[in-house]
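According to TrEMBL, the protein has these features:
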type: TRANSMEM; residues: 46-68; note: transmembrane segment
type: DOMAIN; residues: 47-455; note: domain 'Amino acid transporter transmembrane'
type: TRANSMEM; residues: 74-93; note: transmembrane segment
type: TRANSMEM; residues: 125-144; note: transmembrane segment
type: TRANSMEM; residues: 172-193; note: transmembrane segment
type: TRANSMEM; residues: 205-225; note: transmembrane segment
type: TRANSMEM; residues: 245-265; note: transmembrane segment
type: TRANSMEM; residues: 286-305; note: transmembrane segment
type: TRANSMEM; residues: 331-351; note: transmembrane segment
type: TRANSMEM; residues: 371-388; note: transmembrane segment
type: TRANSMEM; residues: 394-419; note: transmembrane segment
type: TRANSMEM; residues: 431-451; note: transmembrane segment
Amino acid sequence: MTLYKKNNEQQQHHTTILVNNEQTPLLLPNKISKTKTGDPYNEPPAASFTGAVFNLSTTIIGAGIMALPATMKVLGLALGVGAIAILAVLAEYSLDVLMRFSKVGNAVTYSQVMESAFGRVGRRLFQICIFVNNFGILVVYMIIIGDVLSGTSTTGIHHFGVLDGWFGEHWWTMRTFVLLMTTLFVLAPLAFFKQIDSLRYTSAIAVALALVFLVIIVGITFMKLFNGGITTPRLLPNITDMNSIWNLFTAVPILVNAFVCHSNVHTINMELQDSSRIQPVVRASLTLSSVIYILTAIFGFLLFGESTLDDVLANFDVDLGIPYSSLLNDIVRISYAFHLMLVFPVIFFSLRFNFDEFIFASSKSLNATKYKFVSTTIVLVALVYIAANFMPSIWYALQFTGATATVCIGFVFPAAISIRDPHGIATEKDKILSVVMIVLAVFSNSLAIYSNAASMSGITS
């Protein structure tokens, strides 16, 4: 998946730096000591290759996976699978650019890379994008967890969740109470971990739950295929008029959301026992995620065809026409809900750090005092919970987030850093690819925003 060979001299370049007490280091060159007492980020790194792959893969695989079958309905199987592969390659390139400039510029966070290239304005812009992106994604996660466990009502029709489907409608199966209990006893405790490597086991379980969902979809699809219940899927998009052309671009933000993991890559690199292995970690994580994405998209679209909903999970509230359909529906929904619960703290990690860095830029580091760490964590978790109970819609929000903050974090900012080239290490190929990436990102996502806005206002059908 690598696009080019790196200059060996650049890879061997190491510069010893001193980290200020006010900064919490997330990326350090191999030769720098990371043993400052009292700061967990500076304890000797102990993360394994496998743990790093699971954590980065968990960052990648989130709620967006459930929207991928719907992108196949929009783009067709051939174009859709090709788009996933292209986005994976671009994600690897942008991560490689980010890590190279981090190492050469002695930057220990993504925001410091932005500051070295664009000054304080660049740093602030990045932090705003991280807050919008991560906060929005966490709200979406919590809303979907509520939908899965307590159901949801659309245009007066109630779609039962797992709990009210099993036990009926009671006060303790209501959405607000279920989300409160989930927050207090699952999400909040996981959010209080100070090192992302502490989440390696929950991340492994999260990846396993994504595989459970995939295995069930594949199994059901083959059963229906043998019974003649699967129709031939479209390989290309169904273009009938201008509106259908605009509609193609609505898939772009979903695909962009699928591969953005840049906010946690510095943290994972810092905690690796051997930080030179970050590129293999990135490559392995993107490969694993791409395989899961492609198979989920293909078999999800094969199973439901043109009836595939924006959130394919919503398709699992009806009889699938196979034995034990109700049991399989519940397993799919429960496994996905638990998957999102375990992804939540990984995304929350970078949200908390960048929120602290943005609001308290001149004060001590987040972990300097227990009170500051605990209070920041409580406030952010509470805000996510409140927003999840009041936000009426998630999918347009997910698309707008993907078309703005997410695309900037994952593609526009790394490409802009390469073009600005503050350390003189970018090759001509780097700059050409960066220009192409920015043009494609701005063009496609601008059209996606227009198409979504037009659809919401009733301009398009």
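Each position is counted from 1, following the chain as shown.
Yeah, the Cβs are placed from backbone N, Cα and C, and that goes for glycine too.
Note that the structure is a prediction, hence the values are computed from the model and not measured.
Segment contact is absent for the transmembrane segment (205-225) and the transmembrane segment (125-144), given fewer than three CB pairs below 8 angstroms at sequence separation of 6 or more. Between the transmembrane segment (371-388) and the transmembrane segment (172-193), the number of CB pairs under 8 angstroms, six or more residues apart, is three or more, so the stretches are in contact. Cβ atoms under 8 Å from those of the transmembrane segment (331-351) belong to residues 55, 58-59, 61-63, 66, 130-131, 134-135, 137-138, 141-142, 144-145, 148-149, 161-162, 182, 186-187, 190-191, 193, 196, 199, 202-203, 205-206, 209-210, 212-213, 216-217, 263-264, 267, 313, 316, 380-381 of the same chain, restricted to positions at least 6 beyond its ends.
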